[in-house]
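Colleague: Here it is: the structure, laid out below.
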Amino acid sequence: MVRKVLMICLGNICRSPIAEVVMVDTLEKANVKDVEVDSAAIGGWHVGNRADPRAISTLQKHGLKCTHIVRQIRKQDFSEFDYIFGMDEDNMSELRRLAPKDSKAELLMLGDFGLEKKNRIIEDPYYERGAEGFETAYQQCVVACAAFMKERLQK
């Protein structure tokens, strides 16, 4: 049985593509099969574009490649995916608002896995200068993706 994971952030150019790539890498390193990972945006501003160059370079610095093309979350995602992750409370509120009544997806905040409560919000680094916020988001995703995998996907 294939399980499907969808990472969500506001624009799908910073946090969620980082989380997608990190989750795929985490699963591959642990030899966990039958899990598909994607990412999408709450808003449609960047649809059709690539991730922020700072996100791409942060991933490259860690030997990872991001080829994701931005897309916006769709109603059918709530029935096609098993797990939909938000990065912060605003993402979670919006996901709960968008979810149809018959949604099969479990809505989760990525930072609730493996991160201390005070660090559970994966902050949006888009408006920051430089790449420091992207590195922080990457490091949070590494911890959270591994914790989620161990808790929910490795059986």
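Glycine is treated like the rest: Cβ placed from N, Cα and C.
Below, the features straight out of TrEMBL:
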{"type": "ACT_SITE", "residues": "Cys9", "note": "active site, nucleophile"}
{"type": "ACT_SITE", "residues": "Arg15", "note": "active site"}
{"type": "ACT_SITE", "residues": "Asp124", "note": "active site, proton donor"}
{"type": "DOMAIN", "residues": "3-151", "note": "domain 'Phosphotyrosine protein phosphatase I'"}
Colleague: Round to a whole number and give the Cα-to-Cα distance in Å for the pair Asp124 (active site, proton donor) and Arg15 (active site).
Modeller: 7
Colleague: Give the residue counts of the domain 'Phosphotyrosine protein phosphatase I' (3-151) per reduced DSSP state, in the order helix, strand, coil.
Modeller: 64 helix, 25 strand, 60 coil
Colleague: So what sits near the residue listed as 'active site' in its own chain, CB-to-CB under 8 Å and at least six residues off in sequence?
Modeller: Met7, Cys9, Met87, Ile122, Asp124, Pro125, Ala137, Cys141
Colleague: Indicate the candidate from Cys9, Asp124 with the smallest number of other Cβ atoms within 10 Å of its Cβ, considering only these active-site residues.
Modeller: Asp124
